[in-house]
Amino acid sequence: MTSGLRAIAGFLIWASALSLLYGTLSLACAWGLGPAVTLAVLLILWLAHLALGGAILIGDVRFARGQDAGFGQRLSLGANAAALGATLFTGLPIVIASPTC
Amino acid sequence: MSGEISPIRLHKELSRIWGTPPGWARLSAVNHTVVGRRFMLAAFIFFAIGGLLAMIIRVQLATPESTFIGPEIYGQIFTMHGTVMMFLFAIPMFEGMALYLLPKMLGSRDLAFPRLSAYGFWCYVFGGSILILALLAGVAPDAGWFMYTPLSSGRYSPGINADVWLIGITFVEISAIGAAIEIVVTILKLRAPGMSLARMPIMAWYLLVTALMMLVGFPPLILGSILLEVERAFDWPFFDPTRGGDALLWQHLFWLFGHPEVYIIFLPAAGAVSMILPVLARHPLIGHNWIVVSVIGVGFLSFGLWVHHMFTVGIPHLGQAFFSAASMLVAIPTGVQIFAWLGTLMAGRPQRVLPMLFLFGFFFVFVLGGLTGVMLAVVPFNWQAHDTHFVVAHLHYVLVGGFIFPMLAAAYYWLPHLTGRETSYHLGYVSFWLIFIGFNVTFFLMHLTGLRGMPRRIEAYPAELGWETLNLISSVGGFLMAIGFALFATDVTLQMLYGRRARRNPWRAETLEWATPVPPTSYAFASLPVVGSRRPLEDDPDLPRKLAAGEGYLGFARNNWMEVLSVSTGGGDIDHLVMLPRRTFLPLWTALATGVFFLGLLFKLYWLSGIGLIVTVGLLLRWTKGMGLQRDHGPLEIGRGESALAHYEADYPPSRWAMIFALLADGILFGSLAFALLFLWVVAPAWPPADLISGGWLQAFALMAGLGASAMLTRRAIRSGDDATPRERSLLLAAATGLMAVAAAALFFMSVLPDPTRHAYAAVTAALVVYCLVHAAVGVIFSAYGLYRSKTGYVSAARRLDLVIAQHWHDYTFATALIAMVLVLVVPMVMT
């Protein structure tokens, strides 16, 4: 079960990132925080999730190097790498689009 | 026990235990082969109904300003076409396929919960029948298959039509949730010994992810349906913006379900492709691990796309961009699978057989649909194409391409297994070309129709807009396609009735479903195999004979028990022995009682619903009669010189996992309700309301105290071990404290909350309290039931499963009630 949870950890982080980014944007618009504050908060959230996803991926790489990588380890590595890429791409609009309401 | 019995005698004894007698007794079937076939047959009947409705649509739209049918009936026709196809055909068809194939592919004799499958089947048939009968009576739902508010609210849809959708679909959803729990637990626990997750057939990965998606994706729709029905019946304004509600809440809840839904439909079909293509290409699947990663990726990413159905509602551009990005992203794992399949074809030697032709049809149509999907993911283009026939064309390309073509391939591939007869193919080839050509003629041009501005869901259009030629050609294509499907049905029927006897494993496939006799016996495997790789029939071509001779595990029949083995979740090591329940009419009676409950709601005969509910609960409790052991058995022989505990004495038997996954779905529903409160607070107009909750702390404390005490007392009961007296005292007290919690919640509802009809805040708050009340009441039933089981000798230190399952429920109820009370009591303080 632990290895199963490890394999989906990256995508859980992606789901958290999407939910928090969208939710925070909605709250920022509702509360009138303004583009600068909104952008700063979103950036922090996004980078924090990227860092977390990266840490999990580094852990997977080290774990896989330390022993013969079985199916579970390779699954974890692939899934968490894909998830990190997804977190990066999903949040990219923050640095491209304007956080206007 | 092993080796003492001849194969013929073993077959007879197992058939006697596992078989379904003829006549009326067939209605008591719980066997996965029988129930799976029934699901597929019923789904195909609903497909034919949905197809007829499509023909009516195409006749109506073939010419401008057609008066073939009027707007009111047209609304019912297109709503029912979408509803039937999405809810009554696609999901049940894949469920039927999964129920039929999974145990055989995994090397097991049946699914984890046979009676749940049967109950799900009857709920599906009865729920679907309500919708079809409403169609025949002229009161079918008519607000579109996604039932947007305010059109579907009481004000603009005053008749029973919308209620038919809300109640009928919720009835059918019970079947889907049940099937999802069944599939997840069967895949995780009931595999053949040695079949680790790495060695299980790729289809099992697809179905595992799909079933988990159903557990997470269906509850938002169930909640939305409940809220909309409560709004319509009792005027609680969840979606009424004049009283603090918001129509967008419905859209969010619906599409949170609706987008994963289309991947729930696609993934099993893709699983079929991943199974069939390597066999027909005569080469192992290339990129197996990448496909597993991709399936997991699709499973997650599909939950991050839903707002792309709402790009035109006024969400901030940056918010739209997140979902646009995610919508493009999902093409990557889908593309990985496509390239893996293409690579397998290129590396192999594809056979020119009919299933392969349907797979090529899938590639062509689905990839085109995927490309237009990426187009629609781009927000500016979406704004132009939204609600036009371009979207209709896209969705049919991905759904027909991504589901129908693979299912037709799967039908021809596995039909020899179901029927034991060969296909003649000649009609099948004609059927393919008619469907393929007819489909593309219908829907390819529809992209242009949409780009020229033709909206969805209109029953007529003027002649001067230039849409008439395109529509006429689309309609001709539609009829071509219909003839193709009719030929397919004819071909299948002819095969079943007159086909030559098929040899076992005509495709020389390597997975375990081809190790059973064809057609399969009721018990699937006379003994259970040990699996050492993903290709067990390649490792041991003599395996079918050995299993039939009883050389595997459980190669015997004893005590009329229906026995299968449970393995560890990851590694496939034998964990315990599972004794499955025998055939019974109870699922049928329970589904009928459930139907009475829903019909009472539909016709607003709430006294009838009350009776239906009580009978349903009583029958569900009756399911457990005779289940379990009244003494500790210890390890039982399982063959090959080994032994294992019966599941009643194991730590994590299938039923415990079922409760865990059921609570996952329940938790998503609760989360959706919490989201509803927070969403309305932030987005809806007229917040905060004039009337907020005042007080309620005492009632909340009593509620939490009662629930907490129930949880603690159940823990104490489990720790009592073999000593019945303290155990039963704890359970009696747990029931009493549970009743206290119910009373506290009822008092909270009646005396503390403002009138729920005045504002959506009051409505959602009341919904949260009702949620706690219902769960507390079920907790009381669990405590009382545990007490009964203990008094009748079914509980001991080793046999504590009933209490452990109750423990999960109590813990969950306590946790969600705590969150609910925080939301109910603290949010108003923040609002003011």
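Quick reminder: no glycine exception, Cβ is built from N, Cα and C everywhere.
Among the features that TrEMBL reports, domain 'Cytochrome oxidase subunit I profile' is placed at B:12-532.
Annotated transmembrane segment per TrEMBL: B:73-101 (among others), in sequence order. Under 8 Å from some Cβ of the transmembrane segment (B:73-101) lie the Cβ atoms of residues 32-33, 35-44, 46-47, 49-50, 53-54, 56-57, 60, 111, 117, 120, 124, 128, 131-132, 135, 138, 140-146, 161, 165, 169, 172, 175-176, 179, 182-183, 203, 207, 210, 261, 264-265, 268-269, 272, 399, 403, 407, 410, 414, 418, 457, 459, 513, all in the same chain and six or more residues away from its ends.
Under the heading transmembrane segment, TrEMBL lists B:121-144 (among others).
Here TrEMBL flags B:164-190 (among others) as transmembrane segment. Among residues of the same chain six or more beyond the transmembrane segment (B:164-190), those with a C-beta under 8 A of the stretch's C-beta atoms are 79, 83, 87-88, 91-92, 95, 98-99, 102-103, 106, 108, 111-113, 116-117, 119-121, 123-124, 126-128, 130-131, 134, 139-141, 143, 147, 152, 200, 204, 207-208, 210-212, 214-215, 218, 221-222, 225-226, 228-229, 232, 564-567, 569, 575, 578, 594-595, 598, 601-602, 654, 657-658, 661-662, 665.
Look at TrEMBL and you will find B:202-228 (among others) tagged as transmembrane segment.
TrEMBL lists B:262-281 (among others) with the feature transmembrane segment.
The transmembrane segment annotation in TrEMBL covers B:290-309 (among others).
Per TrEMBL, the feature transmembrane segment maps to B:321-345 (among others).
Under the heading transmembrane segment, TrEMBL lists B:427-450 (among others).
The transmembrane segment annotation in TrEMBL covers B:470-494 (among others). Residues 44, 48, 51, 54-55, 58-59, 61-64, 408, 411, 415, 423-424, 427-428, 430-443, 445-446, 448-449, 452, 454, 461 of the same chain lie 6 or more positions beyond the ends of the transmembrane segment (B:470-494) yet place their CB under 8 Å from a CB of it.
Here TrEMBL flags B:584-600 (among others) as transmembrane segment. Same-chain neighbours of the transmembrane segment (B:584-600): 27-28, 30, 115-116, 118-119, 121-123, 126-127, 130, 167-168, 170-171, 174, 606-613, 615-616, 619-620, 622-623, counting only residues six or more beyond its ends whose CB sits under 8 Å from a CB of the stretch.
The transmembrane segment feature in TrEMBL is assigned to B:696-718 (among others). Beyond its flanks by at least six residues, the transmembrane segment (B:696-718) meets 726-728, 730-731, 733-735, 737-745, 747-748, 751-753, 772, 776, 779, 783, 786, 790, 800, 803-804, 806-807, 810-811, 813-814, 817-818, 821, 824-825 of its own chain at Cβ-Cβ distances under 8 Å.
Here TrEMBL flags B:809-831 (among others) as transmembrane segment.
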In the same chain, which residue numbers or ranges, 6 or more beyond the ends of the transmembrane segment (B:262-281), come under 8 angstroms Cβ to Cβ?
86, 90-91, 94, 97-98, 201-203, 205-207, 209-210, 213-214, 217, 291, 295, 298-299, 302, 337, 341, 344-345, 347-351, 353, 355-356, 359, 362, 395, 398-399, 402-403, 406-407, 409-410, 413, 507-511
Which residues of the same chain, at least 6 past either end of the transmembrane segment (B:427-450), have a Cβ under 8 Å from a Cβ in it?
58, 354, 357-358, 361, 364-365, 368, 372, 385, 388-394, 396-397, 400, 408, 412, 467, 470-471, 473-485, 487-488, 490-491, 494
Of the listed stretches (B:121-144, B:202-228, B:321-345), which one yields the highest count of Cβ-Cβ distances below 8 Å with the transmembrane segment (B:290-309)?
B:321-345
